[in-house]
Amino acid sequence: MKFLIVLALIGAASAAINPLSEAQAGLVQAAWGKVKTSEVDILAAVFAAYPDIQAKFPAFVGQDLAAVRGSAAFALHATRIVSFISEVVALAGNQAALPAVKTLVNELGQNHKNRGITEAQFNEFRTALTSYVSANAPWGDNVAAAWNQALDNVYFIIFSNLNGNPVA
């Protein structure tokens, strides 16, 4: 019986991921391509919109955003975040890459669970990131729909990890 329950949960988890079509992936990749070299600006926009997120970064806790924004440590961390997103975006639309995406995002979710990051903070990050991309890249209803579907997929995996149920 336990085996059947596990299979049902795996099926439910897989059903919650709605992979992007090649066309949708192309829209997401084109939008991301316009901003992915603005690492510092992206992270600064997230921190400016949600100071509680900045407070979760030990290197930046309690520091003035304008002061840390120009630091090498800030640029390095911004590059790490944007590089991760770039890696996942590059794999979008390729069904054969779905296991790799799950592995990458499961690891991210688990690492952030261990740091005490909440769903609410991930949602704040999503809001700030989407706001930045939509203001700095070509954006229409079609791009917004593809972008949100992509983030829904990623966030399903992240939240599954935060809740102790990595996606297989």
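The backbone N, Cα and C atoms fix where each Cβ goes, and this holds for glycine too.
TrEMBL lists 19-163 with the feature domain 'Globin'.
Residues or ranges marked as signal peptide by TrEMBL: 1-15.
Taken together, the residues of the domain 'Globin' (19-163) have an average pLDDT of 97.
Note: the domain 'Globin' (19-163) comprises 113 helix, 0 strand, 32 coil (DSSP; helix = H, G, I, strand = E, B).
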